[in-house]
Amino acid sequence: MATNFTQELYEIGPMAYPLKMISKDVAEHMLGWNIPEEHQDLVHDHWRNFPAVSKYWHYVLALIYTMLMVTSLTGNGIVIWIFSTSKSLRSASNMFVINLAVFDLMMMLEMPLLIMNSFYQRLVGYQLGCDVYAVLGSLSGIGGAITNAVIAFDRYKTISSPLDGRINTVQAGLLIAFTWFWALPFTILPAFRIWGRFVPEGFLTTCSFDYFTEDQDTEVFVACIFVWSYCIPMALICYFYSQLFGAVRLHERMLQEQAKKMNVKSLASNKEDNSRSVEIRIAKVAFTIFFLFICAWTPYAFVTMTGAFGDRTLLTPIATMIPAVCCKVVSCIDPWVYAINHPRYRAELQKRLPWMGVREQDPDAVSTTTSVATAGFQPPAAEA
């Protein structure tokens, strides 16, 4: 079979299979050749049409994931440490930031498994190893998606209704519990074979839910998880951010019109301006993370929908591994987005880890100084 495939490849030419990799030392094997007979049902027939990937590609992938793991553990670890121990950051809104960092760290727990699989060039633990890997990925991926939606809701409430719209600690705790419950159904159901199942994909060193089996049950499962874990969070995020930006524009327009009527430059005090500026910067951080979420998960959503309903010939091993890497990259970038843009987080970083070279003035100190200066200023008395 391998000889016929190689001969066909040479006859048709390299352009017909641009993403299929053949190495001399594995040309006689096809994907799944090193999985024992009793576990062969794990591998879908689609993957058996591709030659086994060179061991060097496995090593490159292991190196990439090692770097991602170190970056994510460092960044998310610092986020959880600073947000959970800093008095200035101990707010209901920042509980969602910690929750997102926990989901990101959970995704990184997959990395040791994948690195080990890459060196063995197969799944270690077979079905059990596949289930553990996929459960971690499902919980963290779906949980992170809905947490982004909750953060968008919180930013909208905080900025559009700063006096009575802020979420309190109890409400934040309930919303965090909701994110975990939201991630459970499509993690538990395939893990226990109640609906769907977890199977290897790509290089057969990673696992996800089955989107290749040709039956109605699998197709309905793929459609439902697509709506549940991608479409609904995306719709909520888009709605809340559109409402947020609309509220900001309306507020600015009202202030400008009122100031024009009163023949003054601005109705907002310096303290209000500073406070609002901080909140808007935080909203920009949240929106940036949402954008990263789209970049990370849209390619993988395309892969799964193509596998279930589209042209499967597009899904070569490397074509499915690239979106999988993108999903892991975003969990590494999230904490550094906060380091770049979140004013109070940057101020705490400067205090605790000065060697990182962060330069940020404490927003609360700026507001206090501005208020004192404004209160202490007295206009000169009019001459008699």
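Positions of Cβ are set from backbone N, Cα and C atoms, glycine also.
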Ask   = Is His58 annotated in Swiss-Prot on the same side of the membrane as Asp311?
value = yes
Recorded disulfide partner - Cys207, candidates Cys130, Cys231, Cys238, Cys295, source Swiss-Prot = Cys130
Ask   = Tell me, by DSSP, whether Cys207 (disulfide bond) is helix, strand or coil?
value = strand
Key: All-chain count of other Cβ atoms within 10 Å of Cys130 (disulfide bond)   = 25
Ask   = Can you tell me the mean pLDDT for the topological domain 'Cytoplasmic' (334-384)?
value = 60
Query = In the topological domain 'Cytoplasmic' (154-171), how many residues does DSSP put in helix, strand and coil?
reply = 10 helix, 0 strand, 8 coil
Inquiry  = Quick check on the topological domain 'Extracellular' (116-132): DSSP residue counts for helix, strand, coil, in that order please.
reply    = 12 helix, 0 strand, 5 coil
